[in-house]
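Asks: Just lifted these from TrEMBL, have a look:
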DOMAIN    30-117  domain 'Ig-like'
DOMAIN    258-367  domain 'Ig-like'
DOMAIN    581-676  domain 'Fibronectin type-III'
DOMAIN    678-769  domain 'Fibronectin type-III'
DOMAIN    772-873  domain 'Fibronectin type-III'
DOMAIN    876-966  domain 'Ig-like'
DOMAIN    971-1066  domain 'Fibronectin type-III'
DOMAIN    1071-1160  domain 'Ig-like'
Amino acid sequence: SSVAIKKRSRVPGVMITQYVEELPAGKTTPDFTRKPMSVTAQEGKKGFFKAMVSGEPAPTVTWGRNMGEVDDPQIYKARYDERAQEHILEIKPDQADTYKCFATNEYGMAVCTAALKVIEGKRQIITMPYKKKLPPKKDGEIDPKLLELLINAPKKDYEKICADFGVFDFRWLLKRLNQLKKERADEQAKQLENVKQIEVKPNGRAEFSLDMKLQDPNSAINLYKDGEPVPYGDDENSKHSLKKTGTKYVFSIKDPQPEDAGFYQLDVEEANVLATDFQAKIKDVKAFESEDAIFQCVLSSPLNRITWSKEDSSLEHGDKYEITVSEDKLIHTLRVKDCKMADDGAYYAIAGITTSSASLKVEGRISSLFMYINKNLKKIDSVIAKDSLDGRDGSGDGTGGGTGGKTGSKTDCGVQFVSGLSDTVANVGERAELSCKLSSETSEGRWYKDGKLVSQLFWENYELIIDCRKSEATLHIQDPPKIDADALGKFTKPVIIKAGENAEWKLPFSGGAPMNIQWYKDDDELLPALNVKIETSATESKLRLVKCQRKDGGEVKIKIKNEFGTTEAISKLIVLDKPTPPQGPVDIIESAVTSVEFKWKPPKDDGGCPVTNYIIDRQQVGRNKWSNLGEIPGNNPSYKDSDVNPGRRYCYRIRAKNSEGISDYLQSEDIPAGYPGSPTAPKVVSAFKDCINLTWCPPCDTGGTKIVGYNLEKNKKGTNYWSLVNQGGPITVKDVIEGAAYEFRVSAINLSGAGHPSLPCDTVNARDPMKPPGKVTDLKLTSSNYTTFSLAWTKPKEIKGVEDEAQGYYVEIRSIENLEWTRCNAIPITLTSYNVHGLKAMASYWARVIATNYGGDGEPHGFDNYIIAMPPPVKPKFKDRKMKTFVVVRSGNTVRLNINFEASPVPQISWIKDGIPVPKHVTITNSDKGSQLLIPTSERSDSGIYTITVKNIVGQASINVEIRVTDDPKPPGPVELEQNIPGTVTLSWTPSPDEKRDDRLHYMVSKRDSFKHTWRTVADNLFNNKFTVINILPGREYNFRVFAKNDMGPSPPSESPVTLVKTKSYDFQSPPSFIVPLKRRTAPQGYECYISCAVKGDPAPRVTWYRNNISLNTNTNYLITNVCGVCSLLILRVGPTDDGEYKVVIENKLGTSESSMTLNVRAPIVNPRISPQYRY
């Protein structure tokens, strides 16, 4: 069975529901790491919500809204940005509402809300300064509370608010109100610049950050919670702190508790920076006596509580008033219980600095019957008297058999309502009908409006009373925008003007104020400018476009909108102008001895009216004069000129003409009259080193006369000069140079002369024919990587008469899945090597090389096996020999390890921490040549040995890196001194709080005497909490300091009290004993180990060290010292063979004593497959 456990998220405004009683290990309920923020969008612009979620397994994110569903893909688009790890909801324009975001997995659900607010135009909403306490009203002055309410209220509520304060002529207040708004806006602009609220980040501390630039750096910054001042400091250890970094301010709350929840506000002087607003304000309420009245508002940002008040008194939750808040802290409700006539009046909802007000009207239940009583209607009088005896109030809609509130009465009221009246909505000027059905057709009823008898229905609440029965309904009258039919018909007619003239539209309208008028042209809103003039009154709007051009034509639309609806009207603007020039090119239809015919294309833009004519001008080539040939109809864009002389060339100009003017001209190229057309391009029949044979076909157009010959021209490749080979037309060209490349063209000759030359033929070389070369030899692969490989080969041998010399090579490849060869080089290469580019990594290819010469291509030569696009196989190895294997990081800082390696093919890379996969918050980034481990914000739990393994088909390699996350050590406790042996002082201290969670923490002792006054270190690397200082001289004062040290450095010192060493005579002879015995130790493998003890005795005892009962005094692997009774043994590098029992035996002539301890060696976690050179 499922459960529903409500939990509170660390992120304000997020509610979590857990579906199971206990979560499995490693599983979590969904939560928001960054919830969607409320958005304000301009009308016509899209809205966006962004959210980041967490949970295991990964939750599914869905969206909803209060008013309707989020299932229309044309309006709502939900997507996930993998790079930013954000869930995004994109909303089409004008969809204002409160939206919900749900994150769900099998263990629970998290939900939060965000509001989308749509504002008109480009207005800037400025939050006005927040007054902590309003000044008291002075005689003869305006009540400050009235001004504060008016400055945040819409204009339609001014009359209602003034009436609540007893002010009925409020027009004289408007000037003072506008002045006050301007003063506050100027004050805010003077204090603040670039104010931008960034986001809310939960990270163990509740944080609010914002970018803010102060015009005056000395401005006072105040913090408020639910309107009350909050003291703060700049120290992170304080409960509330405010830190500044440049222009960024971060307000944080240490260890947030439930009582810290609330509305926080930041003020600079008197200018407000952070505030909330009403998404939906409270509305007027009507209620009968003894009923409950409900006020409800919706906020734009979550708030634990708001202030409810009536007139000058605050309202508290209790028997009379019930105040509730929704789970998402956005919806706040006030319920006024058991309404009385005294509850009439204005009610206020105050959220931070914003206020919403509404009125409550309480009506008596039998007030609607007073009209009958005043008219001495005996029947109604008796019924009311009967009702008062029976406890019946007569209210209801008439259903239920007419029993009303009857209790035990035997009197029947008579007629009953079978169906009562229903609320109706109607537009101004339309017919509205209220109807009901009675149980009797003979009954008579009377209609009442707001308690008054009426003969015609006009407005709002209506009652129908028949006998003692009553039915009520409300008639709502709406006044949407309307346009007169005649005015609309006139408006929709197209406006036709000439270029450079003004266009004007005028449209009267009617409807309820206020009206919002917008003009559009081709769906783009028109705003007042130099060429756009808009004049709007309460009943009419005018648009005037100045000096219109052809491009200004298009659809013109007006949009009229008020709170009841929207209407539109569409017109069209046509701007007339001269046409653009006709379109080329001019194509020749016929060129004969006596006539020339050509055609063109009509203008791209006819100027808004059809082309009526084309004007043709002509110029003979070689002369400057243009002659007009006349005009032709505009429906046929072609012309035939019959007045031409054979052999002459002509140029023509064509202009288009419409009713508005004549276009610019289109000019043709030179057109010959009577010349022949072009022959076909010459074809090479054969080529030798001393001659080239050509052929061609005669032209189709002879120019009206006989073809009498041809002109053949040649061009040596690389030059721009065409030389005439001969006149008359031989087809064999002998004037050539061996090995040179040539092009040829030919033109036909008739009685008028030579026509246009043909297109040139393909390039031909003057040389004797050759035979194709043979196969290349010694084809081999010289190098390769993931995108290229290189080939080399040997030139094929020449065999006279069979295989000629190779003059170039083609390289071809094909993928192993493809059957078609692809040529890598379009032009033959002369080198015997080639680099093939653009390969797919690890793909397989066949490759071959083809030798070629002028005689053709030889046979291809390829490999026996396919080639894989990859570098030569390389076993993984690490490149950085100076890479650190031990890294110390301060807690909270970023850990970044870059490991560079060399491997081919691309290896598989895996990371483990202490033998298990790395946690999810550790980011691994791999490339072909390296891998990066990243911990954005490190914690002590991230300490451990991280192992990277690089593996491919050739082999594998691994390396260990120990990461130690720590922090500055805390100092040890108080230091105590003890003098048991002359010349020595024994110090003891309370361990540092960090000793239990940092096994590398040790202590350092320093001293200062009254003679030298300088501090000197007397001991370091102490892993116990006691130390004996020697060489203490009598008669001097000594100070001692004890530091706790770890990998980050030393802590602040703990100082001892001042001690004075006095001189006394002692009998120093004593048997040997231990002042500080040996203690059990655990040392990490690979580190040094320091074992020490303190002894006494007179004469000085002889000290012997043993390990597992074997003497170590002569073992050179151990460093043994004895300084004034402090005996120590140092192991430079602890290994697995160093564990066991260590014992110290001391003896003198008075006796013997011994002390022992056990040393445990802790081995690091090492992958058994790691090569020995990476172990330590």
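Cβ atoms here come from the backbone N, Cα and C positions, even for glycine.
Buried or exposed, and what's around them? Tell me for each listed feature.
Replies: Restricting the average to the domain 'Ig-like' (30-117) gives a pLDDT of 88.
Residue counts for the domain 'Fibronectin type-III' (678-769) under DSSP, split into helix (H, G, I), strand (E, B) and coil, are 0 helix, 38 strand, 54 coil.
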Asks: Can you break down the domain 'Fibronectin type-III' (581-676) into helix, strand and coil residue counts using DSSP?
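Replies: Split by secondary structure, the domain 'Fibronectin type-III' (581-676) comes out as 0 helix, 53 strand, 43 coil.
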Asks: Please list, for the domain 'Fibronectin type-III' (971-1066), how many residues fall into helix, strand and coil according to DSSP.
Replies: 0 helix, 44 strand, 52 coil
